[in-house]
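Q: Following this message is one structure expressed as structure tokens.
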Amino acid sequence: MNGTEGPNFYVPFSNKTGVVRSPFEYPQYYLAEPWQFSMLAAYMFLLIVLGFPINFLTLYVTVQHKKLRTPLNYILLNLAVADLFMVFGGFTTTLYTSLHGYFVFGPTGCNVEGFFATLGGEIALWSLVVLAIERYVVVCKPMSNFRFGENHAIMGVAFTWVMALACAAPPLAGWSRYIPEGMQCSCGIDYYTLKPEINNESFVIYMFVVHFAIPMIVIFFCYGQLVFTVKEAAAQQQESATTQKAEKEVTRMVIIMVIAFLICWVPYASVAFYIFTHQGSDFGPIFMTLPAFFAKSSSIYNPVIYIMMNKQFRNCMITTLCCGKNPLGDDEASASASKTETSQVAPA
């Protein structure tokens, strides 16, 4: 084995020289230089500085403007709530541990940080699944006369939390575990050991199949069908030009969110899968640290995409920031609000 396994940790460094110490008790400067830990801390500080205000603003603006409280926006707001969980439950912890060079909060703190990071990522993934299904049902119309309403949105939000908890909670109950990963300053699922006494192998397989592969299959199926339907409708001119444009723009926004999610999380999932399927292989701490910390940037991109591609929300945000007055005028926002009734969300 090219790493060192302890009772509640796995350090990707051989202990042949006797330098390996518990990541809960001693700085891990034998894994990387102190300046590299400082860089991680600076990165986490940047994510907190950007992630909190932009996600909080998304929630606040929606509360302030009734026109934004539409069913589909509930799912988008769910993403903002998940991101805030990651910021407060995960990023602040990782910032502090990176400054110290090891996970100073012990196994309990590791469980908390790992839980919130996993919960936030899974809520985001399952929210994108709900958005993909909504787009498929609204645009492809497999069920005639279906309208995505408030009850559907609430059920969709509840579904994302149930599925996310089904992934994030088991390690707290003894099925798998959360351990420090990479440079040992942040925590995640144990992909490094089989650990039969906690059935770790079965949980990792369950997680990859149920909470990664299946959501990806659903998302790609829905958007594959959607692309064909949009092209066919455009060719046959079955919808009005305004409706077609509105649906295309809403769909484009959601697709960009999916692509951004894949860019952030696929590297992490791929590295985790490689480590799990190559138990005991030789890999350095940076190998897992880079994709793990890159995945954390997902807390920023969803609200940014939403703000950039949604004129109605953008106008409401400007009105809120300018103390109730929009220097650009509110006509554009009103026009955008009435573009599409089917999707119940204003496109860009």
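Heads up, residue numbers simply count up from 1 along the chain you see.
Yeah, the Cβs are placed from backbone N, Cα and C, and that goes for glycine too.
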Q: Quick test of your reading of Swiss-Prot: among 235-253, 330-348, where does it put region 'Interaction with SAG'?
A: 330-348
Q: Disulfide partner of Cys187 per Swiss-Prot: which of Cys110, Cys264, Cys316, Cys322?
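A: Disulfide pairing in Swiss-Prot: Cys187 with Cys110.
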Q: Is Val227 placed by Swiss-Prot on the same side of the membrane that Arg135 is on?
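A: Both on the same face of the membrane, per the record.
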Q: Quickly, which of Asn15, Asn200 does Swiss-Prot have down as N-linked glycosylation site? Just give the residue.
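A: Swiss-Prot records N-linked glycosylation site at Asn15.
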Q: Need one number: mean pLDDT over the topological domain 'Extracellular' (174-202).
A: 94
Q: Which one is closest to Asn2 (N-linked glycosylation site) in space, judged by CA to CA distance, out of the recorded positions Cys110, Cys187, Cys322, Cys323?
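A: Result: the closest of the recorded positions to Asn2 (N-linked glycosylation site) is Cys187.
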Q: Neighbour count, 10 Å Cβ-Cβ cut-off, for Cys110 (disulfide bond): what number do you get?
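A: Counting Cβ neighbours of Cys110 (disulfide bond) within 10 Å gives 26.
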Q: Based on DSSP, name the secondary structure state of Lys296 (N6-(retinylidene)lysine): helix, strand or coil.
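A: Lys296 (N6-(retinylidene)lysine) sits in coil per DSSP, no helix or strand.
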